[in-house]
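Below: one structure, written as structure tokens.
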């Protein structure tokens, strides 16, 4: 399992100028479109108390903000690989660490959203006591603490083993170039496996309990069951990034003459498009959020 975001894009030297420009325009256009939708979702969230006082919407908007940061970091790394080619190892390390943290945040956030759905269906009378705004903010803080602690050993180990001059050199920005020790790679793979197993167990358990509740033909239970299924689908998309080396090897074997283009398609499919899933699944699918978002967008159009 590999989390080198620019691994999919170490192909700039193989592209013609026109093709390189086209790829960068496509990437930037997609990122602007996705982030524009996300910004409108965030603005709608901040304007209405019904959202920012609801733990479910707080977790959702944290997922949206997290996706925006992750998308911005990966796009920035993509553009750097084509324009600057190399940057200082210290700056590269900061960008990589932020991208890695936000990537690991996503499955943890999905697990928390699944648990919140389970509590809402299984303990409706105690839901407001268990899931409070304060507890939700603490939970989001814990998510960040966990992901930071998972990557902090990589940074500390590299600081201890690499000479200080290394951090002033210019490198092609990959995770392997700034954290080159093989022990770090082994630790990373083990931590990813543990993380994904725990998250999958949470989602499967909550789905099973909600499925049992849904047999009573409860409308909220059925809606929660469908939401958990969507959590699982999004988690599958998140997992694709961990198996990108296998995908790249298969693409190189099947399309040796179009390897650079297939890597770009892989980058779009695995890195960028999953970032558009959150606003579609949770923002536009939710009737309440959709209604307020529609009002906000109509107001924007009328004021122009």
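Every residue gets a Cβ built from N, Cα and C, even glycine.
From a predicted model like this one, the values you see are computed outputs, not experimental measurements.
Of all ranges given (167-185, 224-242), TrEMBL attaches the label transmembrane segment to 224-242. Counting residues 6+ beyond its ends, the transmembrane segment (25-45) has Cβ neighbours under 8 Å at 51-52, 57, 61, 64-65, 67-68, 71-72, 75, 78-79, 267-268, 272-273, 275-276, 278-279, 283, 289, 292-293, 296-297 in the same chain.
Within the model, the domain 'G-protein coupled receptors family 1 profile' (37-282) shows a mean pLDDT value of 84, rounded to a whole number.
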